[in-house]
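Chemist: Sharing a structure, written as structure tokens. Questions coming.
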Amino acid sequence: MFPEANKGFSYEDCKATADWLMAQTDVRPTVGIVCGSGLGGLADMLKDQVAFNYKDIPNFPQSTVHGHAGRLVFGTLRGRPCVCMQGRFHLYEGYPIQKITLPIRIFKLLGVETVMLTNAAGGLNQDFKVGDIMIIKDHLNMPGFSPSPGTFCVISLGTALVFILTKPSTCPSTSCPRRFGVRFPCMSDAYDRELQQLAMDVGQELGYGDFLKEGVYCVLGGPSFETIAECRMLHKLGADAVGMSTVHEVIIARHCGMKVFALSLITNQAVTDYDSEEKANHEEVLQTGKQRAEQLERLVSTMVTKIEHNNNYA
Ligand SMILES: O=P(O)(O)O[C@@H]1C[C@H](O)[C@@H](CO)O1
Ligand SMILES: Nc1nc2[nH]cnc2c(=O)[nH]1
């Protein structure tokens, strides 16, 4: 675990970071973008950039994964003020979940209304091909089958973690999530349906019909890729793609009332056959990202131009 990794995510810490950022830039983003593995080129599309290395931002974790540059970039995308995480954090990097989702709460405090997330994922749906873009319509939160996503309330008493049941106003925890939203957030509407439709429409307009799909994303803890038996099980459970991120960010974004759009680039085919010679690897993931980056960037940036302030769609 990194020094400082276990603190710096209270409401006051998030507010201090947001205030620090707002003092350094005049950009007031309404759209926040998170770039998945090898998909950081999206950030380079922003004009009039003001960029910060994560290491220079108070309370921010550091990126440790190849393909995640570790920069927070402010700017405009075809005139719309945006902020873009060029690199995200994952559970397997050793950070607590509150830390990996901290930037999403900072997005909220910066004024972001819509969050757009991208990731690299393995395809489980047999109709998917490497290079397909999957609009995420729902998720399976495997690590979340035990309480996890940073929306629960804990106070640290020595080494013990104690769940408390107090009202927000009386909660002694400085990391109380109820400063951001309700205790039991609804997830049946996690992925905004109008934004999914917008993505389909924009994709059709751009001629992406052949490789634009929709489906269910399943998050696992990583960093190992799945066994054959695991891939078979996940497919049977209803997952179309499997990855190691995004879902925790989605939960935190919905918890504090932001709209969410997310997509997966299918960077590799999950292996479901014992005779297969295929072996999942990060190099292939990054390579597929490079090949499809331009189309993915065009899809997201065109969508951004059609999202009006207050989340209406032009
Ligand atoms: O940040 P994302 O979810 O795009 O990263 C995926 C999952 C692992 O971090 C990595 C595996 O290649 O890519
Ligand atoms: N868990 C998981 N994450 C990925 N990220 C990119 N490809 C994969 C994959 O096959 N499995």
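The backbone N, Cα and C atoms fix where each Cβ goes, and this holds for glycine too.
Nobody curates TrEMBL annotations by hand; they come from automatic prediction.
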Chemist: May I ask you to find which of Ala16, Ala120, Ala270 TrEMBL records for the phosphate site already listed with Ser37, His68, Arg88, Phe89, His90, Ser245?
Modeler: Ala120
Chemist: Which one of these binding-site residues has the most other Cβ atoms within 10 Å of its own Cβ: His68, Arg88, His90?
Modeler: Arg88
Chemist: Near Ala120 (phosphate binding site), which residues of its chain come within a Cβ-Cβ distance under 8 Å, counting only those 6 or more away in sequence?
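Modeler: The answer is Gly36, Ser37, Gly38, Leu39, Gly243, Ser264, Leu265, Thr267, Val285, Leu286, Thr288, Gly289.
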Chemist: From Ser37, Phe89, His90, Ser245, which binding-site residues have a C-beta atom under 6 Å away from some atom of ligand 1?
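Modeler: Once distances to ligand 1 are taken from each Cβ, Ser37, His90, Ser245 fall under 6 Å.
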Chemist: Looking at the binding-site residues His68, Arg88, His90, Ala120, Ser245, Asn268, which have a C-beta within less than 6 Å of some atom in ligand 2?
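Modeler: Correct list: Ala120, Asn268.
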Chemist: Per the record, phosphate is bound by Ser37, His68, Arg88, Phe89, His90, Ala120, Ser245: how many Å separate the farthest pair of Cα atoms?
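Modeler: The phosphate-binding residues span at most 13 Å between Cα atoms.
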